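Going by TrEMBL, these are the annotated features:
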| type | residues | note |
| --- | --- | --- |
| DOMAIN | 7-60 | domain 'C6H2-type' |
| BINDING | His192, His296 | protein binding site |
| BINDING | Asp209, Asp220, Glu353 | Zn(2+) 3 binding site |
| BINDING | Asp220, His289, Glu322, Glu353 | Zn(2+) 4 binding site |
Amino acid sequence: MASETAKTLCAGIDCHNFANKLQCPKCLANNTSSFFCGQDCFKNSWSIHKQLHIPPGAVKKEDGTYDPFPKFKYTGSVRANYPLSPIRKVPQHIKRPDYAKSGSSRSEQIEGRSFKIKRLSPEEQEQMRIVCRLGREVLDTAAAAIRPGVTTDEIDRIVHEATIERECYPSTLNYYAFPKSVCTSINEIICHGIPDQRPLQDGDIINLDISIYHNGFHADLNETYYVGDKAKSNPELVSLVENTRIALDKAIEAIKPGVMFQEFGNIIEKHAKSVTDVNLSVVRTYCGHGVNQLFHCAPTIPHYARNKAPGIARPGMTFTIEPMLTLGPARDITWPDDWTSSTASGKCSAQFEHTLLVTETGCEILTARLPNSPGGPLK
């Protein structure tokens, strides 16, 4: 046993030490192996590691998968499909955000006490351009893999590898115990879906939310994609996806120095309400946000009308706008994993997001699509 564990890496979060004989007792009881280098590493990793355990009442299917929340009342067709794959490692030389090991961002907590909105220097703006370009490359790499039969866990693997190939850290990994390197939100899932063993199906829509950290700066972007021809031929889904895309575009057109942050929500909701072929609503629970050296910071950008968000856009500010629109009511519920947000109605939701830089005359879309980016508006 000693010779076996000496060759095994510790299963801890962001740990590259060799493991010793210490095993997780729950894994041991379930006839699975997970070795750690010490008690401290085991304790620090518990918030994510425990998600690998089969909970009481869960029943394994013939293929080895199971629903970890058997008593939860799902609202739509999407179900959690575990087990989650083991925690993916990031090479030691890649620069990490402050929460990579602890799961908690002390720098964001300190910044959150202030309403001051940072304006980046020209040098900092250039760093944001670099990380956002890399973020676009990662998203495009993942989007190219979307097809019926591919699992969201496979997409997570692709995102993770594409991220570290670019000397970046996947910003979502261990961010307040989020266990994966990308958010994958299918159909009625509004946002923060955790990649698992569910295969994509012809007729699905899926949002891929990519966030990466490079040389001290974060990029944040997402798009919603059609899975197979069946989705593209569904008029309700097409209207939802394309009008969410348009709502973001209209909000971006309004960015310039002096515009109030609350104005973007007016524009987004006005467009959603102008759509007549389907009933669209704007999700109010989740907002856009500042992004720079911090993953989330001021300003807050609500996407609904008549909001009270403080602040005015000034040159050098970087933030996201990321509207989430739903078919029918926008009320949401959260799964027992404390991350996955679903529409309460079970109807589909779509989202698009860009990281944006306010310039002297307007804005620069730092995460803009490339001519060869997968997806894009349906003709």
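Every residue, even glycine, has its Cβ placed from backbone N, Cα and C.
Recorded residues Asp220 (Zn(2+) 3 binding site) and Glu322 (Zn(2+) 4 binding site) have their alpha carbons 10 Å apart, per Cα-Cα distance. Among the binding-site residues listed here, namely His192, Asp209, His296, Glu353, His296 has its C-alpha nearest to that of His289 (Zn(2+) 4 binding site). The Cβ of Asp209 (Zn(2+) 3 binding site) lies under 8 Å from the Cβ of Thr172, Val182, Cys183, Thr184, Ser185, Cys191, His192, Asp220, Leu221, Asn222, Gln351, Glu353, each on the same chain and at least six residues away in sequence. The residues of the domain 'C6H2-type' (7-60), classed with DSSP into helix (H, G, I), strand (E, B) and coil, number 19 helix, 6 strand, 29 coil. The domain 'C6H2-type' (7-60) scores a mean pLDDT of 88 in the predicted structure. In this structure the alpha carbons, written CA, of His296 (protein binding site) and Glu322 (Zn(2+) 4 binding site) are 13 Å apart. Of the listed binding-site residues Asp220, Glu353, the Cβ environment within 10 Å is emptiest of other Cβ atoms at Glu353. For Glu322 (Zn(2+) 4 binding site), the same-chain residues 6+ apart in sequence whose C-beta sits under 8 angstroms from its C-beta are Asp220, Asn222, Leu248, Tyr286, Gly288, Ile301, His303, Gln351, Phe352, Glu353, His354. Within 10 Å of the Cβ of His296 (protein binding site) there are 20 other Cβ atoms, across all protein chains. Ranking the binding-site residues His192, His289 by the number of CB atoms within 10 A of their own CB puts His192 at the top. Sequence-ordered, the extra residues of this chain that approach the Zn(2+) 4 site, with Cβ no more than 8 Å from the Cβ center of Asp220, His289, Glu322, Glu353, are Leu221, Asn222, Gly288, Val291, Phe319, Thr320, Ile321, His354, Thr355.
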